[in-house]
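K.L.:
Straight from Swiss-Prot, here's the annotation block:
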| type | residues | note |
| --- | --- | --- |
| BINDING | His565, His569, Cys672, His676 | Zn(2+) binding site |
Amino acid sequence: MTSTNDIRRSFLDYFGGAGHHIEPSAPLVPYNDPTLMFVNAGMVPFKNVFTGLEKRPYSTAASSQKCVRAGGKHNDLDNVGYTARHHTFFEMLGNFSFGDYFKEQAIHHAWTLITQTWGLAPEKLTATVYHTDDEAFDLWKKIAGLPDERIIRIPTSDNFWSMGDTGPCGPCSEIFYDHGDHVRGGPPGSPEEDGDRFVEIWNLVFMQYEQLPGGERVDLPRPSIDTGMGLERVAAVLQGVHDNYDTDTFKALIEASVELTGVRADEAHRASHRVIADHLRASSFLVADGVLPSNEGRGYVLRRIMRRAMRHAHLLGAKDPLMHRLLPSLTAEMGAAYPELIRAQPLIAETLEREEVKFRQTLDKGLRLLDEATADMGRGDTLVGDVAFKLYDTYGFPYDLTEDALRSKGISVDRAGFDAAMAQQKAAARAAWKGSGQKASEEIWFDLAETHGSTEFTGYTSTSGEATVIALVRDGQPVEEARAGDEVIVLTNQTPFYGESGGQMGDAGMIATLEGAKASVSDTGKPLGRLHTHQAKLEAGTLKVGDTVQLTVDAERRDRIRANHSATHLLHAALRNRLGGHVTQKGSLVAADRFRFDFSHPKALTAAEIADIEADVNAQIRGNEPVTTRLMTPDDAIAAGALALFGEKYGDEVRVLAMGKADDRNYSVELCGGTHVRALGDIALFKIVSESAVSSGVRRIEALTGEAARQWLNGRDEALKAAAAALKTSPDEVPARVAQLAEQLKKAERELADAKKALALGGSGGDGGAAAGPAVEQVGDVAFLAQVVDGLDPKELRGTVDGLKKQVGSGVAMLVAVNDGRASVAVGVTDDKTGHHSAVDLVKAAVVALGGQGGGGRPDMAQGGGPNGGAANDAVAAVKAALA
């Protein structure tokens, strides 16, 4: 049997031997593409190459690309586990030609690989072509020798591909494998095509046209090839099975699930084991690529996938978290091909376990609610959207999990009602994924880059220099000149100004000409990653395209940014050393006055951890080692141990920053295009000022360096001295004195609370005299005792009412506590009276009088409150009225 790993390797070896560049899989989160939530096809990383916005140093390529289809237009989540070929995570094998070879060679490569390298019988193969693509029809006859009846013309859009309403497009040709007439189904294009007999294994897209806005198609000057083949599908064919879940990778994962749950993958439980196997792959790869579970965007899709698998683990009777215990089986199957799985294994395991523990806390309650809501329903009925939304909002059930849970009962869910409830609760504040990246409308940058090429950056070695103005942009349009008072974007052929990227803010400074033009630069951008755009305001003179200018960076501001940026590298290394290799940078902001650093870690840092990390960084600063820079290829840099940041896109040559010493190695080695100090002593001082949560599994540190850190510490010192003076003690004694005062205050508050409680119960006052307690009165057929007290802690209400109940003996006791204008109320009913009067009903009457809503508890004791403390006596009257 040919393993899935062997198939992947042989595909890449074949095309590598045919002169193709072998492109590693891109992360699942698309780089700078606001139109996609996840990479969902092999061509996605090459999209800008196909559209001409990006140039690569090769014209042919092949890859095995990780893909996820579980959100947006391409969403296979609902079908996973119940069909033979649907997955949330899959691998797409593909070969690509960017204006190099076209149809004939694409068909030749496909036929040679599947029939000669993989040995599929030609008589088992059928091809489809777009109904007007005579060229492809003839090529299949010529190259493969297929008879006319096994080259099927398809007139539908299934065999015509387009990137969108406009842009590259072209006909497709698909290759199908025939499992034989013992399997149900007919050939493509027939009424029985949805059966399992004929399985599509490869799609060849011939990009030969450009779709224009008016609907016209014109020939592309350099037609291209985009092919895609699902690895799981072709593995099933080559391994002689009809079901992707019977292939070696899935069999290993399902066997592990069976072993850990003790439940066989029989007809009743097969879907659950398949869901778990598929969703384990998707969840693990998403976490490895930097996505963590949350309640919005990509993180919410991940949470939906995880929780769907976790419900199926619950169906299998798993008493303890299961998913993280299956992870070793996944890394054994796929870790060699995707080493990021092994690198991120601790983080993946912790994330899976934490999410499953969290979900299990509400899963049983939610399922009970679902059972109650559907107890009287039958097949064909619909669960109302309000209940589905309550399951989502209260118990963490994504909508599709509720759908999945009701699938076996044949009950559907009211999607419109669910959406209406969601909209009503969250309204405009609902967090919808909006993507990120360059605005598609900013075509001007593409035009300028094509005309002038990339801006040469000279700022690594200098903060000033001469340049030529190559473009001026005002209000989004190119202009030839700018005058005093104009706000304009200035582009030059070269610049020492750093353009904002990699979390580092852009430089500020001045632009001047010998003729007297003078412009202040407030910021520098870097659109497309190639241009440097100076955001400037002309203060004097006239600036024209073609002028020679002197560019001067604000050096003092740049130095502070350098220090903060180098400190982020030291902090990153310290975090990984202290907390573990699962720590990865999730984002940063490097400004002149401060910096923040976001990183993956499942819990808050302790005070001791923060102190240790701070000490580690400052020790490196005191060591004052020089910062070294080398230019390397990305592969060489990573092989040498450099950290590459998730989501960053690197060119053919990268800067590798090494700084500090740890035993016989550098303390930190990272790929980075930013500006840095020359020696670590230039940072001077490092101080963490806050540590907080950004989202589930992501923490944020905010820190200061140099003079900003010194001023912050001085401010704390002054505050400490002021506190010491107010406390009439020395600064060293402030903590002990504050603790002493806090204990005294706590004691005084306890004594005051006891006094108020005693007063409410009619106990003795502070002067030793007897205080008149509340009088018991007869209301209707029940004894009733009520008291209104100012300042009694609401937490004391129930205990105090228990005391009042004893005074009543048999009847109802009520206490209203007024604090800061609000009122809290508790009502107690003695056991012999709960059959006639419920404390819950009585307290609800009181709460309405106080301007509140709700209130609850038990028949013998209930509590509530309202905003109108002035209506305390009205609340007493309301309870009396309810008793009368």
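Cβ from N, Cα, C; glycine included.
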K.L.:
Compute the centroid of the Cβ atoms of His565, His569, Cys672, His676, then list the same-chain residues not in that set whose Cβ lies within 8 Å of it, in sequence order, for the Zn(2+) site.
P.N.:
Arg562, Ser566, Thr568, Val627, Leu657, Met659, Glu670, Gly674, Thr675
K.L.:
Does His565 (Zn(2+) binding site) have same-chain partners at least 6 apart in sequence with Cβ under 8 Å from its own Cβ, and which are they?
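P.N.:
The answer is Gln504, Val590, Phe595, Cys672, Gly674, Thr675, His676.
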K.L.:
Taking the Cβ of His569 (Zn(2+) binding site) as the reference point, list residues of the same chain whose Cβ is under 8 angstroms away and which are at least six residues distant in sequence.
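P.N.:
Expected: Leu657, Met659, Ser668, Glu670, Cys672, His676.
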K.L.:
Measure from the Cβ of Cys672 (Zn(2+) binding site) and count the other Cβ atoms within 10 Å, all protein chains considered.
P.N.:
25
K.L.:
Would you mind checking how many other C-beta atoms are within 10 angstroms of the C-beta on His676 (Zn(2+) binding site)?
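P.N.:
There are 25 such Cβ atoms around His676 (Zn(2+) binding site).
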